[in-house]
Amino acid sequence: MIQPGELLRTIHSPEELRKLDETQLIQVSEELRQFIVDNVSVYGGHFAASLGVVELTVALHYVFNTPVDQLVWDVGHQAYGHKILTGRMENFHTNRTYNGLSGFPKRSESPYDTFGVGHSSTSISAALGMAVASQYQKDNRQHIAVIGDGALTGGMAFEAMNHAGVTNSNLLIVLNDNCMAIDPNVGALKDYLVDITTSRTYNRVRDEVWNMLGKISKFGPNAQAIASKVESGLKASLLKQSNLFESLHIRYFGPVDGHDLNHLVQVLNDLKDIPGPKILHTLTVKGKGYALAEKDQVKWHAPGKFDKVTGQIHVKTYDTPQAPKYQDVFGNTIIELAEKNDKIMGITPAMPSGCSLNLMMEKMPDRAFDVGIAEQHAVTFSAGLATQGLIPFCNIYSTFMQRAYDQVIHDVCIQNLHVIFCLDRAGFAGVDGPTHHGAYDLAFFRCIPNLVVSAPMNEQELRNLMYTAQLQKNKGPFSIRYPRGQGVMPNWKTPFEEITIGKGRKVSDGDDVAILSIGHIGNYVIEAKALLREEELSPAHFDMRFVKPIDEEMLHLVFKKFKKIITVEDGCLMGGFGSAVLEFMADNNYAAQVIRLGIPDRIVEHGEQAELHKECGFDPQSIARTVRNLSGVVLK
């Protein structure tokens, strides 16, 4: 287990941190940063974001009386230092491991994790709700939301600020401005924040006036009114344009150096006494303190395990060619298709490297768009493109598509527009946990009229489904879901073939039991059949490809021949693929024993994908066991 520094090891709670002399905080920060480097290099995890807020994390817990004062982290990639300072240092080596600490703040894990996070742009809304509740209950608490400039591009953050500005709630928004999300930040807001950081005249003169008057709370309402008038005059005369946050009635302070710990402590102490909603703009460097991470912030967002001295990232080596990641199949295939079809466009909400649309952005910059953390906009922007005869491929992680459900229905499917949704990270997201699992898309998509819902079993099917979806004769909305991680076919670049919409395929014949699978999880069925071969059990296997329209012709054949049927999916059982099969059985008056394997009706925590598949009973061994049980075979 990694050992912390001599001062850090004495801190098991923020209460102990607050007992230190302020002069000791720099040492705490240095040891905290090193502890993060030591742990992530050995165990993996999100890296650069947490390094960038070490000083801010120490200052917040030093100044505010957490957990009485409530601290909300947006997304949570940057919260490792927070976890270490709040009693989880000794268990931090279990971070993002099965049955270990969550990689994100989680209410059930610690009272210091006041709000569970994982998706972006939620912190201001949550902290404002807490602040209004405290005000109603007459609790004298501070409420702090820490949000990055990337997350600030999400519309929900602006909805929250719009509301906060008409309250007098005790809310402090700390803007962690590092010009990055996972990829470099995009959009006009980025340029606006850069303008603020360079307009220092207003901030310098205002600081001089404040220093002259002293801390306004010491002088009573008259001095406060004078200071307010002086400040208003400064704004009018020195700012070229009105401050966005001030226009929303949120008092703006900054920008300040987010790595100047002593100054942060001073500023945060001052802000504690200023009532109403306010924002502190801090400038930080993502990856601060680890030179390689500062230099390449995208690569070091979550690099995996690495040599902390050399920076060499540990990558598995193989003697034989390996299958690609599904995201790379998408990234290369959309370029191939776009080279032949000039109507194809690519859209992603802030995940270009994660979904590999960055390949198209580099090669065809006028046809590929990173629209920021804005899933709702991404979908309706795609719909707008489609109205003009273009063919948008809108790539959104399955878990983030939840945020744009209304737009899929209202803006795309009701109008039957030719938008192609590529849902990356469908199924279990692994160690990122329940906030990132893509468990629900099959269920929430298959109930929408006009929408084709498909899932490839391998890389070739992904390519061919993408090819099929963009054909002009297929004018309606089309979705393709595929998992995180590696495929199964090293030689995947084969000529395109059109797939008949709504038609599955028989993978293998068999006797007695039929297994119907959807998507990549069908490869587990192949492994299960191999396990059963020595037992002379040979279930038939059907790769259905489509949940909607489902292949009714194939289902008729299956139900006429087999009375024992297993469905397998890496999505939620309620309303999913297996439910569609049961609906078909009921509607057509078939009688059969049907066992559904998939994600049960509960929140599944984090762990490696294989661990979670086993837990939920649809790994190869569990599938084989289900076949044995249906066949009445008992292992000796």
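Count begins at 1; order follows the chain as displayed.
For all residues, glycine too, the Cβ spot is worked out from N, Cα and C.
Take the thiamine diphosphate site that Swiss-Prot assigns to GLY118, HIS119, SER120, GLY150, ALA151, ASN178, TYR290, GLU375: the candidate from HIS61, HIS77, HIS418 listed for it is HIS77. Distance noted between the C-alpha atoms of ASP149 (Mg(2+) binding site) and ASN178 (thiamine diphosphate binding site) is 7 Å.
By neighbour count, meaning other C-beta atoms within 10 Å, the densest spot among the binding-site residues HIS77, HIS119 is HIS77. For the binding-site residues ASP149, GLU375, the ranking by surrounding Cβ atoms (within 10 Å, all protein chains) places GLU375 first. Across HIS77, GLY118, HIS119, SER120, GLY150, ALA151, ASN178, TYR290, GLU375, which the record gives as binding thiamine diphosphate, the greatest C-alpha separation is 32 Å. Within the same chain, the residues at least 6 positions away from ASN178 (thiamine diphosphate binding site) whose Cβ sits under 8 Å from its Cβ are GLY52, GLY148, ASP149, LEU283, THR284, VAL285, LYS286, GLN297, listed in sequence order.
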